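These notes are about the structure you will find just below.
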Amino acid sequence: MSALNWKPFVYGGLASITAECGTFPIDLTKTRLQIQGQTNDAKFKEIRYRGMLHALVRIGREEGLKALYSGIAPAMLRQSSYGTIKIGTYQSLKRLFVERPEDETLLINVICGILSGVISSTIANPTDVLKIRMQAQSSTIQGGMIGNFMNIYQQEGTRGLWKGVSLTAQRAAIVVGVELPVYDITKKHLILSGLMGDTVYTHFLSSFTCGLAGALASNPVDVVRTRMMNQRVLQDGRCSGYTGTLDCLLQTWKNEGFFALYKGFWPNWLRLGPWNIILFVTYEQLKKLDL
């Protein structure tokens, strides 16, 4: 086996940060849509937004354009850890199974994607909790990233920073286990078929396809994960929140219907599409650098 290659880690992190900055307002509207309408939390019971565009306009009008980037600092911190580990681990694990990219199979890529998703998301979970908490705030964020981080730690302890970690790992296993293999297989077949070469157009089409596949597979888990992470330690006895991820799933389905699990799907897909396009196009261009 060849020595561990550092390039996928660095390139993956840089490409992930670039993609995050380019699509963050869409991600914020997704979070706001997913946390609204919760009958067991008075703060988020009201249906404030009718959809993604309405959320973008209303947030910008009522809270200012700066609010569309609420939580960008922990999001970039998350991608610098999660994105770096995810891409680097995925590429490294593949080389453990096969030496040449041409010998990769769908099964190998899925296994490597699932493992890299679980590992990277578990390590980066505190930054994910922080990002969602800051995105959910509908007023000026107080204390900044460090202040919010300390607030979560002081009120909820270490467990608060890893709240929803099992669901985050499950979601990452689904997303990474779908997106990265779909990208690789789509790109491989487009090139081998002779329809397209190894060009930016191939990278564009492959990344768009994997974004759609990832959104369809992950949205229900994403809704539950977002609600679990946004749930605070409540003092009101009538507002007990969710006892666990399964309880959150069942309550959401029972109180709001099955399609509540696909709340935020359009901003989720419209984010994952451009996000993956920016990610993979940037990553492929970085790979061409002679370093």
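Cβ from N, Cα, C; glycine included.
Going by Swiss-Prot, these are the annotated features:
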MOD_RES   Ser2  N-acetylserine
REPEAT    7-96  repeat 'Solcar 1'
TRANSMEM  9-26  transmembrane segment
TRANSMEM  71-89  transmembrane segment
REPEAT    104-189  repeat 'Solcar 2'
TRANSMEM  106-124  transmembrane segment
TRANSMEM  164-183  transmembrane segment
REPEAT    198-289  repeat 'Solcar 3'
TRANSMEM  203-221  transmembrane segment
TRANSMEM  265-283  transmembrane segment
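With DSSP classes pooled into helix, strand and coil, the tally for the repeat 'Solcar 1' (7-96) is 74 helix, 0 strand, 16 coil. Secondary structure counts, DSSP: the repeat 'Solcar 3' (198-289) has 71 helix, 0 strand, 21 coil. Taken as a whole, the repeat 'Solcar 3' (198-289) shows an average pLDDT of 85 in this prediction.
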